[in-house]
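Beneath this line is the structure, given in structure tokens, with notes to follow.
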Amino acid sequence: MTATWSVNKKIFLQNAITVKNNQPLMAVVKNNAYHYDLEFAVTQFIHAGIDTFSTTSLREAIQIRQLAPDATIFLMNAVYEFDLVREHQIHMTLPSLTYYYNHKNDLAGIHVHLEFENLLHRSGFKDLNEIKEVLKDHHHNQNAKMIISGLWTHFGYADEFDVSDYNVERSQWMEIVEALLSEGYQFDLIHAQNSASFYREGQILLPHHTHARVGIALYGSRPYSSLNQHDIVQSLTVKAHVIQVREVQAGDYCGYSFAFEVTKNNTKLAVVDIGYGDGILRTRAKHEALINGKRYPIRALMMSHMFVEVDGNVHAQDEVILYNNDIRIDEYTFKGVGANSEQLSAMNHDSLKKEYISNDC
């Protein structure tokens, strides 16, 4: 028996179609499409009617170009391999005045999207004046030069409801967009909304925008907890099996470093063939596993095993579900286990058996 990571292809595709909601999306496929596999995800998103993609890796951007020759591909990180960017017709962020002036000549022929820093402060121009400085310098540049195709930002607080920061960053961004458009500047692509913002706005684009730049929702995880589970459906299942069921007594310690102290006689512990070496986070192991439709508490986590406290209804070879649509990634995000993407990224695709299922199993 080998622990398995599996995706239902039909559910994945249908979720992408539902998330898209007939709106133009830029699908975020960074980090190997959130570890769902870049080729698989891009292919499914194309079937869902998505033809625009973004990533943080030039290597991935080139791979997307090979998969989708006619797609628009946006690189969210600035890079310095300008010839490769040109060769593969990759759009790229323009992250700062310094980068622009240092590489103005290198950027000739490359499509760039002007980036507004906003509240995240990770990258981008500080304010409207910096953006206009680039636009004016670019206008007067008589040499071979870059092609300004886009305008973008990232909302870092769209999933925060207890503070006003999303409203602040949204307002600041819209002021930038409207000021530039009112002065006659035009952009082929304007994008800012992540999954949380897209859903907060009712799955429609903000005014003047051409795309929403959606990531985690396309992979079946809700960006915030008040969304109904039926709105975003998880296609991923991570499962293992019971190797054996052990009976232990009050006062026994089970697992390394006294991980679990037994408090009742004749306690049953299922030994399960999955552990942190397969990508189960220790924070996730503070919660439950699903066996035969019932949740049971995980009591100890080891590299290749875990102990789950069970009852007489659990037997050797029973399936143990760590994640599926009934025990979801996003549920444990909201319980503090870690971000949706953190839990997905932890999965060890070298030790887990990887499957793509074509039916409704």
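For all residues, glycine too, the Cβ spot is worked out from N, Cα and C.
Pulled from Swiss-Prot, these are the features on record:
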type     : residues       : note
ACT_SITE : Lys30          : active site, proton acceptor
MOD_RES  : Lys30          : N6-(pyridoxal phosphate)lysine
BINDING  : Arg122, Met303 : substrate binding site
ACT_SITE : Tyr256         : active site, proton acceptor
Alpha-carbon distance [Lys30 (active site, proton acceptor); Tyr256 (active site, proton acceptor)] in Å: 36
Taking the Cβ of Tyr256 (active site, proton acceptor) as centre, how many other Cβ atoms lie within 10 Å? 10
Determine the minimum-neighbour residue: among Lys30, Arg122, listed as recorded positions, which Cβ has the fewest other Cβ atoms within 10 angstroms? Arg122
Nonlocal neighbours by CB distance (under 8 Å) for Met303 (substrate binding site), same chain, sequence gap 6 or more: Gly275, Tyr276, Gly277
In whole Å, how far does the CA atom of Arg122 (substrate binding site) lie from that of Lys30 (active site, proton acceptor)? 17
